[in-house]
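Student: Just passing along the structure, written as structure tokens.
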Amino acid sequence: MVRDPMLLRSLLFVPAANGRALEKSEALAADGLIYDLEDSAAPQAKDEARERLREHLGKTRHPGPKIVRINPLDSREGTEDLLMARGAGVDAVLLTKVEDSDVLKDASRALDEMDAPARLRLWAMVETPRGIVRAEKIARKGVRGRLSGFVVGPNDIQLATNVLPDAERTELLPWLMQIVLAAKANGLHVLDGVYRDFRDHEGYARECAAGRRMGFDGKTLIHPAQIEPANAAFGPSDAAIAEAEAIVAAFRRPENAQKGVIQIDGRMVERLHLTDARRILAMRDAIAARNAASANTDSR
Ligand code: COA
Ligand code: MG
């Protein structure tokens with residue numbers, strides 16, 4: 001049996017301070033939404049943004065996971081954000097600039113005290129030098145609590161390190177792969193960072209493809225135009241689906257029932273590839289179900 005994979009190809013940041021963006025997000029085909037109360041809300045707009053988001057979450061019909069990015073928990077805003085997110089029944093809270101596991105522990109404890117259900121998860125932005133250096137420890141300790149995923153924050157990384165990555169992100173690759181590895185070693189989801197130049201479609205498509213090759217589950221986005229390319233890059237290609245179908249069919253044949261390894265068109269195929277093939281087909285089915293759910297939302 002393959003568990004239904006959670007679709008995380010495209011997670012769009014929606015600034016809660018922007019009523020138009022909130023309204024618009026309802027019909028967008030992003031796999032999930034990250035409502036932002038942190039950097040995109042100016043200090044004097046944070047309380048109003050939280051209230052607007054509370055109201056919006058009470059009536060949203062978007063079919064994907066809903067995540068709220070909150071302000072630091074040692075601020076008044078952060079505490080109120082967490083309370084709001086818990087009350088609104090979102091799927092996860094995204095903490096920013098996570099640099100050690102204590103902050104995750106504190107957030108988990110605060111959620112426990114609010115009687116938050118276990119399904120309310122924590123996600124962590126890894127976006128500082130310390131966060132990157134300690135990513136494995138943060139992941140390992142974090143999964144003992146509610147931690148479910150990492151999100152890369154390239155803008156803050158750049159700001160804090162003065163790194164000047166080229167278009168291929170060459171200078172960032174060791175750090176990005178370290179974050180991916182820390183996540184994978186501990187069973188966490190991991191999302192690639194945002195691409196700011198939302199009118200540069202070619203550069204964006206290249207970055208999505210690179211993120212997929214690095215092993216990210218999906219990409220965080222800032223603009224609706226970025227949704228479809230991310231869905232395409234992080235979903236299985238037609239060729240991958242066809243190959244997965246061929247592998248499943250081959251192992252179903254009676255003559256292969258007892259075999260651990262076979263060949264298909266001159267390529268070695270083992271049972272571990274069967275497991276992956278089933279994962280790919282489960283993802284294909286999840287995408288079809290999601291598309292059907294979005295179509296329903298549209299026609300309401
Ligand atoms: N979520 C939902 N809707 C969005 C959106 C987003 N992130 N970004 C843009 N839109 C909407 C706009 O409201 C506009 O809707 P309309 O034409 O129906 O009124 C439409 O998409 C086209 O937007 P466009 O005019 O091209 O861009 P903009 O100038 O309105 O916004 C940004 C550009 C960068 C300010 C905006 O995309 C944004 O705020 N992105 C998210 C920022 C964020 O959350 N940052 C924190 C994480 S890094
Ligand atoms: Mg940041």
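Quick reminder: no glycine exception, Cβ is built from N, Cα and C everywhere.
Per TrEMBL, domain 'HpcH/HpaI aldolase/citrate lyase' is recorded for 9-224. Taken from TrEMBL, the feature substrate binding site covers Arg69, Glu127. Summarising the annotation, TrEMBL assigns Mg(2+) binding site to Glu127, Asp156.
Can you tell me where each of these features sits in the structure?
Tutor: Taking all protein chains in view, 24 other C-beta atoms sit within 10 angstroms of the C-beta of Glu127 (substrate binding site). Following the DSSP three-state reduction, the secondary structure of Glu127 (substrate binding site) is coil.
Taken residue by residue with DSSP, Asp156 (Mg(2+) binding site) is part of a helix.
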Student: Can you give me the Cα-Cα distance between Asp156 (Mg(2+) binding site) and Arg69 (substrate binding site) in Å, rounded to a whole number?
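Tutor: Each residue's Cα considered, Asp156 (Mg(2+) binding site) and Arg69 (substrate binding site) end up 15 Å apart.
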Student: Tell me, how many other CB atoms lie within 10 A of the CB of Asp156 (Mg(2+) binding site), whichever protein chain they belong to?
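Tutor: That number is 19.
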Student: Under 8 Å between C-beta atoms and at least six apart in sequence, can you list the same-chain neighbours of Arg69 (substrate binding site), or say none if there are none?
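Tutor: In sequence order, Phe13, Ile34, Tyr35, Asp36, Leu37, Glu38, Val93, Leu94, Thr96, Met125 meet the Cβ cut-off.
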Student: For the domain 'HpcH/HpaI aldolase/citrate lyase' (9-224), what's the model's average pLDDT?
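Tutor: Its mean pLDDT is 98.
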